[in-house]
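As recorded in TrEMBL:
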| type | residues | note |
| --- | --- | --- |
| BINDING | HIS156, HIS160, ASP166 | Zn(2+) binding site |
| COMPBIAS | 7-25 | compositional bias 'Low complexity' |
| REGION | 1-34 | region 'Disordered' |
Amino acid sequence: MTSDAAEPPSTSGSSSEEPEPSTGPDSLSAPHLPADADLGLQVTYTLDTSDTEPPSAGWLDEQLAQAVRLAGVTSGNLAVTLIDDPTMIQLHADHCDDPTPTDVLTFDLADREPPRPGDVVTHIDGDLVICREEAERQSSTRGHDARTELLLYAVHGLMHLLGEDDHDEHDYQRMHQREDQLLTDMGFGPVFHGQTETPGDHT
């Protein structure tokens, strides 16, 4: 799910110009992995749900950093925030006019023209906001654990930052084939393969 909003989301109600990590009692902020100092790539991770022991703690950001490198990105910043259903519903309504839960919102913060499908992108600057409860629901029907579903959502958001889209059939197939190839290269296999969604379910 991409958002055309000029500003990144704030899960704490703040109107600050840059996203701030949540610091309340129900959140866990854990910056990890200056993913590869040689590449100048930074991935940070924030949990903003009532569960402070997610199955992805210390794992999702590391996997995503690997995905970013395998995708050819050599510099930039990528912030990943896990949120609950009510927070996602509010953000989805605010930024997309759709008051329903969704899996991931992607905010491209790079100071450049948005990339297009097929463009070579080596620098990214973006926020991924992922709904953990949606991952738990979907993973229970898809034959893998919740953190693998979370990784799928994160890679989907990464694809949007790299210029991919999924609003029509051709772009949808291209984007999800690229996701599955990347996840296969990481050792997870084609995680999206076999899912029955149609174009537009992930936008």
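Backbone N, Cα and C define each Cβ position, glycine as well.
Just so it is clear, the model here is predicted, and its values are computed rather than measured.
Structure with TrEMBL features highlighted.
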{"residue": "HIS156", "record": "Zn(2+) binding site", "Cβ within 10 Å": "24"}
{"residue": "HIS160", "record": "Zn(2+) binding site", "Cβ within 10 Å": "25"}
{"residue": "ASP166", "record": "Zn(2+) binding site", "Cβ within 10 Å": "26"}
#### Entry: Reduced DSSP assignment, HIS156 (Zn(2+) binding site)
helix
